[in-house]
Amino acid sequence: LSLYDATCHIAQEIAEKIQERNQYQRNGESSAKLNVVIRSSLQNLREKIDQLKDLLLRAVSTHQITQLEGDRRQNLVDDLLTRQKQLQASYKNEGPEPDVIRSSLMTGGVKRGVTNPWLLEESEETRGLGFDDLRQQQRRIIEEQDAGLDALSSIISRQKQMGQEIGNELDEQNEIIDDLTNLVENTDDKLQKKTRHVKMVDKKSTSCG
């Protein structure tokens, strides 16, 4: 999650640098140095996204996080990949102007009739929030989800303990039932012996009579 925050920050800085470079070009100033910085930052952004993909895959495969949380984080990585492609296109002047992208990202609005592709299908809760606000909101959501997972884990632990106690009780009841079954069998054997003895005595008594 820390790497994700850092990667988002890099993407934001790249958008700002591209806007600054375009401003230089409009003013007829040299933007060579900025182009070098932007290229390096784009490469760094790509490497960070690759690291995120590897870490996420490892976390899911080793069950460090749930599949549901893995899917949620995969969506975040996919969003970063989309940002990286848009920034690359903007750097090559193949997409919307960076100042439009950056302004729309920060304000949630639209300028010059261009819809911000970073904010498509954005909910009302996040519309108009800046980068820091979005990051804080994301952290708050993650904390709430972690708290919910902790509560769920606690409930599952209690249910497991209850299941074990019920299992132990059933084992004790089964032992009691086995003892009762043995006692009934022994009593039945004794009763049959006594019955046979009484019949024998009765037969002898009749013979004597």
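Cβ atoms here come from the backbone N, Cα and C positions, even for glycine.
According to TrEMBL, the protein has these features:
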- 35-62: coiled coil (COILED)
- 139-201: domain 'T-SNARE coiled-coil homology' (DOMAIN)
- 170-197: coiled coil (COILED)
Tally of DSSP helical, extended and coil residues in the domain 'T-SNARE coiled-coil homology' (139-201): 63 helix, 0 strand, 0 coil
Surrounding residues of the coiled coil (35-62) on its own chain - C-beta under 8 Å, 6+ positions past either end: 3-4, 6-7, 10-11, 13-14, 17-18, 21, 70, 73-74, 77, 80-81, 84, 87-88, 91
Model confidence over the coiled coil (35-62), averaged pLDDT: 91
